Amino acid sequence: MNKFAALLVVASVCLAGVSAQCPRIVTRAQWGARAASTSQLPIRPAPWVVMHHTAGAHCTTDAACNQQMRNIQSFHMDGNGWADIGYNFLVGENGAAYEGRGWGRQGAHAPGYNDRSVGMGVMGTFTNGIPNAAARTVARNLITCGVSLGHIASNYWLIGYRQAVATACPGNAFFNEIRTWPRFNPNV
């Protein structure tokens, strides 16, 4: 086997390992995102992951989640005056992750953490119940994916948005759930 063929085999094995850790990510183009301009994340890899809920409608189908992403983006851009949707990624209860600002972009989701974090939210309100198993798995796998791709520091800390700002987000039930996840930091 020549060196080029050997290199292709090694690259294929490496990429297979990364893709196995990454959930299905619906790109901005696939969900119909509006054009936006956002800044690069100045601190990379991000040492923090900030978990949110959208405190809005749940979605369990691709079509409903695509629509919900467009609704959230419009609210953030038109209502809040932001450059784009505030989160780096959102997760639907259909078992998919949705690219918001994406990897390596500064979010507008958590004052004091925007320049050093990846903001992830689950679409829905989770005050009295937690996201379904598919959404919880996707959210945890998305963090693992970010670490494996070098976008999230391997020694990252996970927090709920309420630890950054006085708010109910990510909902009482979901906050209690993420407190059991790896790398949760109770002492922010």
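Heads up, the Cβ atoms here are built off N, Cα and C, so glycines get one too.
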In TrEMBL's disulfide listing, C145 is paired with one of C22, C59. Which one? C22
Distance, C65 (disulfide bond) to C22 (disulfide bond) (CA atoms, angstrom): 19
